[in-house]
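The annotation compositional bias 'Basic and acidic residues' is assigned in TrEMBL to A:1-15, A:37-46, A:54-70. The annotation domain 'ABC transmembrane type-1' is assigned in TrEMBL to A:143-346. Among the features that TrEMBL reports, region 'Disordered' is placed at A:1-76. Positions annotated as transmembrane segment by TrEMBL: A:82-104, A:147-168, A:180-205, A:225-246, A:267-288, A:324-346.
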Amino acid sequence: MSGEGTSERSGRRSAAEPSAEQARSRARPGDTSGEGTSERSGRRSAAEPSAEQARSRARPEDTSIAERRPATTRQRGRARNVVLTVVLGVGAFTMIVPFLWMVLTSVKSPEDLATFPPSFWPDEWVWSNYTDALDAAPFGTYFRNSLIIATGHTSITLVFAAMAGYALARIPFRGREFVFMGFVAMLMIPTYTKIVPQFLIVKFMPLFGGNDILGQGGSGWLNTWWALLIPGGLSPFAIFLFRQFYLSLPRELEEAARIDGLGELRIWAQVYTPLIKPAIATVALLTFQDSWNNFLWPLLVTTRDDLRVIQVGLAVFQQQESTAWAYLMAGTTLATVPMVLLFLVAQRYFIQGFANAGIK
Amino acid sequence: MSMTTKSLETTAGDVRDRARRPARGRRSSGRKLRRAGWLMVMPAVAHTIVWIAIPVVATFVLSFTDYEVFSAPSFIGLDNYVELWNDDIFRKATWNTVVYTFFTVPFSMAVAVVVAVFLNQKIRFRAAFRATFFLPQVTATVAIAMVWLWMYNPQYGLINAVLSFFGLPSQAWLDDPDLALWSVILVGIWQGIGMKMLIYLAALQNIDPNLYEAASLDGASSVRQFFSITLPMLKPATFFVFVVSIIGAFQVFDQVYVLTDGGPANATTMMTYEVYRAAFQDFRMGLACAQSVVLFAFLLVLTVINRRLTGGDDQ
């Protein structure tokens, strides 16, 4: 898929090119600055001459080989593919079983759950488990909170990370390299090397939650939407990705736009950003997913039930009702389904994003 | 004559003017551009300074203090580190983290490479397989751990049911101190395959197919090709996957929180779990920061070692 993804991206890029025809020649050097793409295009171009050689080399042999290995190799190839498919099928089944088991458990009756060995399919499908689970714990509220926070994080990222990425990629300002290196350094900081002071900053946030100007006396941002929305709103990783995406675009556009007297904000928002829509989708999905799945931070900064996100709500429910497996699996299904659906619908962007993140 | 000189002068002046004006314009627009650049990067810089840079520095500073939130921190030198050195539970947590990392990361990497190589062939249901292997990666660790908690259930769990089907005795997966860590590791391996597979798959698609063509013309078997072409060509990807996975695995928390709470008898407690306990249950922030610094040091050393081993050609 990532192969398709990149080809698609270059397809979009070439669609953008007619607007700046000379840009085509420059677009590739532009690529070089994006480290990942440089490697890829470098390899591709390195591969091209050898591909031609190989083709010319292969041509005389083609006929002879085709004559020499007719049915047997093809059969062996097919047999091999069957073996591969079976092995992958077993692996994929292992991957999918826990999800199946989750959904099946969520619709089983209490008697059904208390039998050993359990039957795979429910004796009767108790869909009312879902409404009962919603009565047993405010999963609806948890779900809504997660949705608000994930949407909030995504919006903040799409505006501010994209803006910063654009500036780092396209505006030559003094200290730009330094700022960029700073972001890259911050990218490598593990969560646990910052979590304790982050919590303290939230707790001592001045003038919030009864705190005085020095941050003393109250609870600051603890148990507020601020704590849930702001600290996790931007990640250096998103900024980094956006910079790479903006770097891959031709420079002529910005020059033309600047000569036309457009301000940088408008060049960013109206000229460049529409050209990286797939990239935006990728970053948006990764951010949404990260936010939806986050557990530790909301666990630390919220204790109020009406501010809990679904992952924390699940963990709390499990601690309180450790044997209500049907309800627990119903809640888990609620926590899982949005991401699974989003993934299935927008698989291409997810995979492209992870592949990009991987090659860097 | 005067007319001509005058016209000459004016034209000369015009030329000079024209030459000067754009220059001035360019200079001021350059300044405007620089300002725009700073303005656009500023929110992100401010956010990163407040929520990452300051916290990182603070973690190091606070690790030398005794700080229990309700009173001001007091400097105690290396006492926190000395305490950690002598703390059996933290030592156990460090050991568990190392064991967890060195079993989950290589195992899921090995599976991921094989799956990626298989998926790189022209086989049926390729996209469906890829999506299935990736599915655990997009779903929340807490949710996944919840499902495994139910599957590990000693009385009614699916895993014991499968064992009994084959006539094997039931196990108390998460309650048996000898088994608990391995049960957590299994979940880690299961969940970690997708991401690694995807990175490998992307890297595989960058390998020049002519290498394989040439190798098969020379009569190399596909196993031989895997070891002589695929693995060496995947070296940069392997370095990247390894570093990212180690950093991830060292920070395992969610599944421990859900599955075992660090138990039984600290059999599955991790460094992160001790940070959580120290900071947010005992409110010993200084000690928790010292633990975070130790965790950070481990990650740094492992990254450097790996860079040496792979020749550091990650770019």
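Counting begins at 1 with the first residue displayed.
Note: Cβ is positioned from N, Cα and C throughout, glycine not excepted.
Predicted automatically and left uncurated, TrEMBL annotations should be read as such.
When the stretches A:82-104, A:225-246, A:267-288, A:324-346 are ranked by Cβ pairs under 8 Å to the transmembrane segment (A:147-168), first place goes to A:225-246. Within the same chain, residues 164, 168, 211, 215-216, 219-222, 226-227, 231, 236-237, 239-240, 243, 296-297, 300-301 sit at least 6 positions outside the transmembrane segment (A:180-205) and bring their C-beta atoms closer than 8 Å to a C-beta of that stretch. Proximity of distant same-chain residues to the transmembrane segment (A:324-346), defined by a Cβ-Cβ separation under 8 Å and at least 6 residues beyond the stretch ends, is recorded for 99, 102-103, 105-110, 113, 126, 129-130, 132-133, 136-137, 139, 143, 146-147, 281, 285, 288-289, 292-293, 310-311, 313-314, 317-318. Beyond the ends of the transmembrane segment (A:82-104), by six or more residues, the same chain brings 120-122, 329, 332-333, 336, 340 to within a C-beta distance below 8 angstroms of the stretch.
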